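The domain 'TRAFD1/XAF1 zinc finger' annotation in TrEMBL covers 43-77. Under the heading region 'Disordered', TrEMBL lists 81-107. Positions annotated as transmembrane segment by TrEMBL: 118-136.
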Amino acid sequence: MQVNCSLCKETLRPEILDLHKSEQCTQRMVACAYCEYELPAIDIHEHQDVCGNRTEFCQTCKKYIRLREWIGHEMQCHVSSNGSEESSSARTIPEREVRPPPPVRPARAVPAAQHRRLLFTIAVTGIAVMVGSILFQKEESF
């Protein structure tokens, strides 16, 4: 006997339906690690690529830090040499970064992969700008 997932309509055995809906279904709702906005799992990676590149101002070092780098920045730059953290009153940590992000995907350890992803994001953005400007230009010429 088979049943359909109510979210993605995939046909499954009844005994694995709950596991599928909670961990495997591409249409299950997943919270973004950076803004906590919930969206379908199939879209979370693309959203987090954009959302994680947003910045927050670090009160301690007076620099803007990407959200995807915030926790590493805190650990690397704001921990004294003896291992104790600097006074928390001297800085403001964005509320959404106080708790660690949910384990949506493994951290990228290879800089080359990060570089390729950044280039891909820039290329897609450039193409979107070009297409938008072409469409906008055609609308004006009528």
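Cβ atoms are placed via backbone N, Cα and C, with glycine included.
Residues 49-50, 53 of the same chain, all 6+ positions outside the transmembrane segment (118-136), place their C-beta atoms under 8 angstroms from a C-beta of that stretch. Counting residues per DSSP class in helix, strand and coil order gives 20 helix, 8 strand, 7 coil for the domain 'TRAFD1/XAF1 zinc finger' (43-77).
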